[in-house]
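Listed features, source Swiss-Prot:
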| type | residues | note |
| --- | --- | --- |
| BINDING | Gly198, Glu199, Pro200, Gly201, Val202, Gly203, Lys204, Thr205 | ATP 1 binding site |
| BINDING | Gly595, Pro596, Thr597, Gly598, Val599, Gly600, Lys601, Thr602 | ATP 2 binding site |
| COILED | 382-513 | coiled coil |
| DOMAIN | 3-147 | domain 'Clp R' |
| REGION | 6-71 | region 'Repeat 1' |
| REGION | 83-147 | region 'Repeat 2' |
| REGION | 151-331 | region 'NBD1' |
| REGION | 332-535 | region 'Linker' |
| REGION | 545-756 | region 'NBD2' |
| REGION | 757-854 | region 'C-terminal' |
Amino acid sequence: MNLERWTQAAREALAQAQVLAQRMKHQAIDLPHLWAVLLKDEGGLAWRLLEKAGADPKALKELQERELSRLPKVEGAEVGQYLTSRLSGALNRAEALMEELKDRYVAVDTLVLALAEATPGLPGLEALKGALKELRGGRTVQTEHAESTYNALEQYGIDLTRLAAEGKLDPVIGRDEEIRRVIQILLRRTKNNPVLIGEPGVGKTAIVEGLAQRIVKGDVPEGLKGKRIVSLQMGSLLAGAKYRGEFEERLKAVIQEVVQSQGEVILFIDELHTVVGAGKAEGAVDAGNMLKPALARGELRLIGATTLDEYREIEKDPALERRFQPVYVDEPTVEETISILRGLKEKYEVHHGVRISDSAIIAAATLSHRYITERRLPDKAIDLIDEAAARLRMALESAPEEIDALERKKLQLEIEREALKKEKDPDSQERLKAIEAEIAKLTEEIAKLRAEWEREREILRKLREAQHRLDEVRREIELAERQYDLNRAAELRYGELPKLEAEVEALSEKLRGARFVRLEVTEEDIAEIVSRWTGIPVSKLLEGEREKLLRLEEELHKRVVGQDEAIRAVADAIRRARAGLKDPNRPIGSFLFLGPTGVGKTELAKTLAATLFDTEEAMIRIDMTEYMEKHAVSRLIGAPPGYVGYEEGGQLTEAVRRRPYSVILFDEIEKAHPDVFNILLQILDDGRLTDSHGRTVDFRNTVIILTSNLGSPLILEGLQKGWPYERIRDEVFKVLQQHFRPEFLNRLDEIVVFRPLTKEQIRQIVEIQLSYLRARLAEKRISLELTEAAKDFLAERGYDPVFGARPLRRVIQRELETPLAQKILAGEVKEGDRVQVDVGPAGLVFAVPARVEA
């Protein structure tokens with residue numbers, strides 16, 4: 001027995017048989033050990049060969065395992081070191097069979113033949129030899145890795161035409177032009193290899209599936225009738241190819257099978273760019289170069305699919321590229337997407353067991369097109385439908401909120417009941433009786449609701465079964481029509497089909513007024529999913545939100561004192577956007593806030609973010625003092641290729657990509673380098689910006705606020721001289737025109753001049769600042785009260801028309817917070833105290849009148 005003349009897989013099988021014998025403590029390696037190893041993999045070569053010969057590999061495997069368990073166990077160093085005479089004879093017979101079959105190596109299938117001869121109850125040698133020839137496709141074993149080349153197409157490919165015949169592919173709607181062009185190229189004499197090129201998600205693979213469906217229906221020219229489209233899995237070809245040359249051998253076997261089929265098989269390689277360089281090692285030939293000769297001669301028909309970016313990999317190899325004919329696949333329009341979704345609707349309805357309304361389909365196409373800008377139609381719209389249906393299905397399969405709330409309440413009462421059982425006083429006994437009565441009432445109510453819910457679920461289960469049967473009947477009708485079994489087709493179409501359709505309709509009708517089961521995916525569900533994905537509120541305005549938007553000025557005034565013009569301008573822009581009236585290609589609003597320091601420009605931006613998004617974190621703050629040099633401008637959109645930091649992306653673009661719905665504050669805009677304004681022009685006009693990676697970032701759902709101190713001296717001077725607001729605004733505008741280019745100023749929605757704060761407004765700000773301090777003290781359970789005189793004292797000290805409200809913060813820190821902190825540290829003010837603050841001759845006076853008991 002010469003193991004050098006065995007294939008790698010056969011040698012490994014013998015080695016594993018030895019390991020098995022050692023593990024089971026058997027003295028010698030016998031036939032059952034080798035059978036157990038060969039039959040371990042259900043899809044393996046031995047399994048397939050025995051099935052083809054008409055044997056039952058499963059029964060054989062169980063028989064050999066029983067035999068193994070009966071073998072005696074031994075101890076010592078000699079365990080599993082010898083072959084039994086019957087196994088040795090079978091292995092020598094395998095070598096004789098190798099010579100008979102004109103092979104160069106003993107392969108796994110040859111081993112199976114030899115073992116089968118030595119095992120009673122298996123098919124004869126001739127039957128096994130016939131199965132072996134069929135499995136090998138008439139080839140002999142000439143290499144050490146020959147097993148991986150048997151039935152290569154079946155092993156490494158997926159037959160799309162078979163899947164289409166079984167109705168397992170989704171219907172392909174439209175795309176007739178592209179399918180016609182692919183057919184046209186396939187019918188050429190040479191270079192008949194179309195490659196579908198398009199953005200990810202536009203439906204390149206679907207076009208090939210559409211062609212497979214047409215071939216099955218016979219809706220193709222004579223030259224393509226009866227052909228098979230096999231999708232080659234590059235991953236399967238590469239997987240497990242441990243030894244050099246094994247990958248090339250597998251691919252060569254695939255190419256040979258396709259060539260031998262004489263045009264019956266059309267190969268399809270998704271992600272075609274993976275062919276370039278696949279299996280490349282030092283001195284090895286990559287897949288692309290192995291395909292070239294067959295492609296050029298027209299012996300092999302290949303359809304490829306790849307994206308625009310990845311097609312560049314193929315363009316690097318002109319000899320490979322010239323063998324392909326590109327077919328460009330454009331993104332479908334919203335209208336075409338709606339047609340595609342209507343065609344797919346039934347598949348998703350059957351899968352999820354829900355109904356998808358037409359309004360949901362239209363919403364999925366329009367909302368995904370408008371708000372999910374980084375992905376392509378129809379893929380993103382299909383994803384929306386799928387997720388919304390999955391969400392509804394999940395809701396249907398879990399307990400309704402109404403029942404859930406009652407059960408939680410019941411559990412709470414049961415816990416309370418157990419605690420009260422230990423108490424003996426009359427009050428507790430009284431309460432216990434009341435609780436038990438309430439628990440009994442709740443139990444009855446829950447049982448009633450559960451019964452109703454179960455009844456509705458039962459109807460739903462029947463509906464899903466009917467939908468599945470309906471789907472199967474439609475598939476059977478298609479199959480019968482293809483096979484010209486017209487009697488069967490008519491029987492199903494005019495007998496079974498209307499009956500099932502009526503059943504589905506009747507069950508759906510029963511659920512229409514259901515209390516717990518909502519069966520239909522609506523546009524509201526789609527809007528909800530879009531909001532989850534993007535953070536952009538696109539769902540219909542709820543009553544509470546309408547109120548909030550109508551009272552937006554009031555909300556903003558809670559934190560920003562005065563500045564009515566600015567607040568009104570911002571609130572109007574937000575209302576226009578949420579009512580759906582804003583220009584869809586521009587940001588929600590773009591404002592330039594001007595005014596002296598400390599009057600609330602930045603505070604308004606923060607307040608707007610907190611009001612709209614319930615958190616100040618939703619504000620993207622770009623401090624323009626960091627962008628004063630020319631080279632710093634690239635940080636906004638990312639460093640160019642080749643520079644350090646290219647991978648990180650831009651500070652502005654990355655922030656907006658992660659939060660497409662936000663307030664962007666460009667603080668101190670006049671300090672920025674002039675080149676920054678060139679970037680801003682694009683954002684303000686088109687609502688988009690391309691970063692250094694070539695990705696388009698969408699700014700259409702952002703509020704852009706720029707703040708500046710330009711013209712502050714003029715504002716103060718105008719107020720001292722008593723100029724009207726309009727004149728101050730015009731004077732400031734003249735200063736702006738000297739500093740900013742007209743095309744920049746012209747793109748802003750509103751230029752708002754903030755007024756300096758008056759004494760009365762500073763007094764209001766005292767209240768706001770004190771509320772923040774009280775909130776901090778509340779954590780220490782200390783309450784703070786200030787007399788009106790104390791508040792006036794702080795406002796008086798903190799008023800400065802030039803510096804706005806900022807001096808007030810310093811006054812509060814100095815006069816109120818610092819003395820209070822000293823008193824807390826000295827133990828004069830403790831947890832639970834009430835501190836009263838008044839004015840004395842030397843400033844503020846603190847008093848702790850009475851301790852509040854904890």
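Yeah, the Cβs are placed from backbone N, Cα and C, and that goes for glycine too.
Taking the C-alpha positions, the distance from Gly203 (ATP 1 binding site) to Gly595 (ATP 2 binding site) comes to 53 Å. The CA atom of Gly600 (ATP 2 binding site) is located 50 Å away from the CA atom of Gly198 (ATP 1 binding site).
Counting every protein chain shown, 28 other Cβ atoms lie within 10 Å of the Cβ of Lys601 (ATP 2 binding site). For the pair Thr602 (ATP 2 binding site) and Gly198 (ATP 1 binding site), the Cα-Cα distance reads 45 Å.
Mean pLDDT for the region 'C-terminal' (757-854) in this predicted model: 80. Here the binding-site residues are Gly198, Gly203, Gly595, Pro596, Gly600, and the one with the most other Cβ atoms within 10 Å of its Cβ is Gly203.
In sequence order, Val329, Asp330, Glu331, Pro332, Arg376, Leu377, Pro378, Asp379 are the residues near Val202 (ATP 1 binding site), counting only same-chain partners six or more apart with C-beta under 8 A.
Each of the binding-site residues Pro200, Gly598 was scored by how many other Cβ atoms lie within 10 Å of its Cβ, and the smallest score goes to Pro200. Neighbouring residues of the recorded ATP 2 site, listed in sequence order and excluding Gly595, Pro596, Thr597, Gly598, Val599, Gly600, Lys601, Thr602, comprise Phe593, Glu603, Thr707, Asn709, Phe754, Gly804, Ala805 (Cβ within 8 Å of the Cβ centroid). On a Cα basis, Lys601 (ATP 2 binding site) lies 43 Å away from Glu199 (ATP 1 binding site). A Cβ within 8 Å of the Cβ centre of Gly198, Glu199, Pro200, Gly201, Val202, Gly203, Lys204, Thr205, the residues given for ATP 1, is found for these other residues of the same chain: Ala305, Thr307, Val329, Glu331, Arg376, Asp379.
Taken residue by residue with DSSP, Gly198 (ATP 1 binding site) is part of neither helix nor strand, so it is coil. Per-class residue totals from DSSP over the domain 'Clp R' (3-147), listed helix then strand then coil: 90 helix, 6 strand, 49 coil. Here Gly198 (ATP 1 binding site) is compared against the binding-site residues Gly595, Pro596, Thr597, Gly598, Lys601, and the shortest C-alpha distance is to Lys601.
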